[in-house]
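These notes are about the structure you will find just below.
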Amino acid sequence: MGESQGRFMTGLIRIAPHRGDHRVAIRAAVSIAVPLLILWAVGRVDLSVYASFGAFASLYGRYDRYADRIRMQIAAGVTMVVCMLIGTALSVVGTPAALRVVVVAVVAGLVALLAHAWRWHPPSSLFAVFSAGACASLPATVSSFLDVIIIGGASALFSIALTIAIAFARRGRSVLAPAPAPLPADRHAKGAALTIGIGALLAGIVGLLLIGDHWYWAMVAAVAALGGAHLQARLVRGSQRLVGTLLGVVIAAGLLALHLPPLATILVAVLCQVGAELYVNRNYGLAMLFITPLALLMVELAYPSDPITLLVDRTLDTLIGVVVGTAVAVVSAYVRGRQERPNA
């Protein structure tokens with residue numbers, strides 16, 4: 001027990017070595033800054049959420065060779081746009097909130113399978129859940145579909161084009177390598193996808209019943225808590241998500257209290273993106289100190305609301321998501337252990 005607790009605490013506070021994360025941070029910052037600044041210049045910061053989700057494509061394949069990174073980002077970019085369209089469709093047709101949760105949970109499981117088959121890094125459906133859930137929660141009209149395709153698609157394309165330009169500048173035609181065959185969806189991959197889908201579903205339902213607005217934050221937190229390869233990794237990640245969010249909310253409260261103009265908000269958000277990418281693979285808890293203000297600033301930029309409500313919802317939904325995700329992780333580990341024991 002003591003040894004297990006020691007490994008847990010070590011995992012919780014350990015900061016992994018720097019592995020060229022500054023390059024990823026700079027690329028991610030440019031990928032999000034350019035679309036946001038263009039929207040600010042034309043007076044359409046209300047569409048900034050679509051640009052932000054499209055730019056998620058730049059976050060894939062940070063440690064992979066350029067050919068794999070480019071393929072990964074293209075697949076991720078298309079997936080993000082599709083997820084935004086799914087969420088927008090749920091909003092446009094006025095789908096009951098409970099059904100929105102169910103659909104986003106299905107997205108969580110399916111994208112987890114895609115991430116496995118296509119060897120994505122990060123190997124998670126977190127960004128897909130965030131994109132689909134947020135768009136499902138935002139007010140939308142039929143014209144919003146075009147906004148998603150143009151703004152979200154252009155943002156994803158810019159991120160991918162930036163990666164391609166850097167790849168050719170550094171490696172030339174050597175980036176054109178054949179794609180590896182997709183991995184089969186084995187029992188472990190299917191089980192992990194099912195676990196993520198169930199965790200997202202339960203967290204979304206609890207968040208919807210107890211909080212109401214921003215239920216998708218609970219789903220995102222649950223998916224984050226279920227992102228580890230084994231139980232201890234999941235416990236560490238869930239704890240880091242919770243502690244980092246609680247501290248990040250304090251930072252966000254200070255920033256929101258400043259009532260920054262849109263341009264300043266964008267610049268601070270870009271700096272938060274840099275900080276997040278510098279630490280997300282080194283210590284997830286530290287990264288959350290930047291991710292939390294980033295998420296809240298982007299919501300406030302596109303859809304200004306009561307900051308106190310925003311901060312409270314973020315805190316409670318994260319708590320719900322982490323608790324539910326951790327519980328599902330424990331049950332999943334127990335069930336898997338029972339299934340494997342006869343074959344031991």
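In case you wondered, yes, glycine gets a Cβ from its N, Cα and C as well.
In TrEMBL, annotation is done automatically, which means it is predicted and not curated.
The transmembrane segment annotation in TrEMBL covers 24-41 (among others).
TrEMBL lists 75-93 (among others) with the feature transmembrane segment.
Distant neighbours of the transmembrane segment (99-118): 71-72, 75, 79, 83, 86-87, 90, 124-125, 128-129, 132-133, 136-137, 182-185, 189-190, 192-194, 196-201, 204-205, 208, 215-216, 219, 223; these residues of the same chain sit at least 6 beyond its ends, with a Cβ under 8 Å from one of its Cβ atoms. Among the features that TrEMBL reports, transmembrane segment is placed at 99-118 (among others).
Distant neighbours of the transmembrane segment (148-170): 27, 30-32, 34-35, 39, 47, 50-58, 66-67, 69-70, 73-74, 77-78, 80-81, 84-85, 88, 135; these residues of the same chain sit at least 6 beyond its ends, with a Cβ under 8 Å from one of its Cβ atoms. What TrEMBL lists as transmembrane segment is 148-170 (among others).
Per TrEMBL, the feature transmembrane segment maps to 191-209 (among others).
Secondary structure counts, DSSP: the domain 'Integral membrane bound transporter' (202-327) has 105 helix, 0 strand, 21 coil. According to TrEMBL, the feature domain 'Integral membrane bound transporter' maps to 202-327.
Annotated transmembrane segment per TrEMBL: 245-271 (among others), in sequence order.
Annotated transmembrane segment per TrEMBL: 283-303 (among others), in sequence order.
The list of residues near the transmembrane segment (315-335) in space but at least 6 beyond its ends in sequence, with Cβ under 8 angstroms from a Cβ of it, reads 191, 195, 198-199, 202-203, 206-207, 210-211, 214-215, 217-226, 228, 230-231, 234-235, 238-239, 241-242, 245-246, 249. Taken from TrEMBL, the feature transmembrane segment applies to 315-335 (among others).
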